[in-house]
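Chemist: According to Swiss-Prot, the record shows the following:
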ACT_SITE  Cys319  active site, thioimidate intermediate
ACT_SITE  Arg418  active site, proton acceptor
BINDING   Gly20, Ser22, Asp264, Phe266, Asn460  K(+) 2 binding site
BINDING   Asp261, Ser262, Ser263, Gly312, Ile313, Gly314  NAD(+) binding site
DOMAIN    103-163  domain 'CBS 1'
Amino acid sequence: MAKYYNEPCHTFNEYLLIPGLSTVDCIPSNVNLSTPLVKFQKGQQSEINLKIPLVSAIMQSVSGEKMAIALAREGGISFIFGSQSIESQAAMVHAVKNFKAGFVVSDSNVKPDQTFADVLAISQRTTHNTVAVTDDGTPHGVLLGLVTQRDYPIDLTQTETKVSDMMTPFSKLVTAHQDTKLSEANKIIWEKKLNALPIIDDDQHLRYIVFRKDYDRSQVCHNELVDSQKRYLVGAGINTRDFRERVPALVEAGADVLCIDSSDGFSEWQKITIGWIREKYGDKVKVGAGNIVDGEGFRYLADAGADFIKIGIGGGSICITREQKGIGRGQATAVIDVVAERNKYFEETGIYIPVCSDGGIVYDYHMTLALAMGADFIMLGRYFARFEESPTRKVTINGSVMKEYWGEGSSRARNWQRYDLGGKQKLSFEEGVDSYVPYAGKLKDNVEASLNKVKSTMCNCGALTIPQLQSKAKITLVSSVSIVEGGAHDVIVKDRINDYHPK
């Protein structure tokens, strides 16, 4: 006989936080939003900790390399979408890992007998303005000079000018030995007023380039999420079909964490995928799993060895899984149920497995609710799709600037691997839509504004950390009338005057 749940499931919109005591030190500047990304034993620390509890969704229209770089600068992490070829996904991961490494392996290189046209082509392809000239045109050839925009011919139509005739030769370059520390390299850049400092070995082979822009950027971005080599952290999505080929390529490219991307993660296919990764890499490769919406699903993936588990089916703004298949659960109820099972699992095993709330976030305060209910971090699609750094184009519709946003279950994404249970047969219907979202500008400004709200609400609850919020939060269900009462009502808001229609 089928199991029935008597209580209806709820969304974040049906809850509010009740204020707690705010002490004198409860001010937003004192709030610490760091949170674990992967599982750890009681008494130990997670091997990867986010500095902010936000990650971008594994979607074509959200998480490309620009998004990954921008979010890592702010302390979060992106999961590069897997609905593309293995080679292109690995290339995106590689680009993020090498964007700011302190010591950067040059990806813009020419030989001295090449031309200005070649320099322009490389700069356009890589978006880098410093081109290394090596004897063989490789990243680690003998360094002969550099070409920057200051070396360009006055007449830019002289595209046949030889590189050897326009470059700044090695004899005029300031360089440093490969034993030089990053702090020492930055000091040289600062004192010599350089934009780029080539790092060479004893035989004049180019090893790396240290850029001034990376130093300047690090002074502004104090919250950057980087590895031990000062490279940005980046995640990548995988599926349960080609994981035997995709995972090694992503690991080789430098992915810091993987996540199985599926609309329904309560599946033996995910267990098989995790098992294969554990057999080949042990615990060195971190992999999340999901999505699930109840404690039973959590327990299955926890026992399978998942490093974190995602919660949510059908709650995304572009997801139509619920109306197509009748599968899913209200996001708030799902988080509450899964967190209860996670806490029980922790008591039984001493292993803390972070959970991610994926979907259902409409307003910024929903982020705070998800965290208060026990989520360790939040995966967002629509939220990040609005930003300049998302990989979609901007369009103007009825005078408003919009960005395209489509679901991985839409025909446009054609990523059927996410929306089946494995095997060879693929589904023939959509579980996502193709849409637009209002353009919101740069990621940095928007994330800062959203997290300021989260911090302020945490202070209202008397909490300075996410664990404190989860232990102190007082959460109440609200009626539909209370929801109306919570917004502006019985007035005509000035910026909405053109939309006013008397009853």
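Every residue gets a Cβ built from N, Cα and C, even glycine.
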Chemist: Enter the number of other CB atoms within 10 angstroms of the CB of Ser22 (K(+) 2 binding site).
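Modeler: The answer is 14 other Cβ atoms.
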Chemist: Hey, what's the Cβ neighbour count for Ser263 (NAD(+) binding site) at 10 Å?
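Modeler: Counting Cβ neighbours of Ser263 (NAD(+) binding site) within 10 Å gives 23.
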Chemist: C-alpha of Ile313 (NAD(+) binding site) to C-alpha of Asp264 (K(+) 2 binding site): distance in Å?
Modeler: 7
Chemist: Relative to the Cα of Gly20 (K(+) 2 binding site), which of the binding-site residues Ser262, Ser263, Gly312, Gly314 has the closest Cα?
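Modeler: The answer is Gly312.
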Chemist: Work out, from DSSP, the number of helix, strand and coil residues along the domain 'CBS 1' (103-163).
Modeler: 15 helix, 15 strand, 31 coil
Chemist: Using a 10 Å cut-off on CB atoms, tell me which of the binding-site residues Gly314, Asn460 is the least crowded.
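Modeler: Looking at the binding-site residues Gly314, Asn460, the Cβ with the fewest others within 10 Å is that of Asn460.
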Chemist: In which DSSP state, out of helix, strand and coil, do we find Asn460 (K(+) 2 binding site)?
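Modeler: SS state of Asn460 (K(+) 2 binding site) = helix.
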Chemist: Count, for each of the binding-site residues Gly20, Gly312, the other C-beta atoms lying within 10 angstroms of its own C-beta, and report the residue with the smallest count.
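Modeler: Lowest Cβ count within 10 Å among the binding-site residues (Gly20, Gly312) is Gly20.
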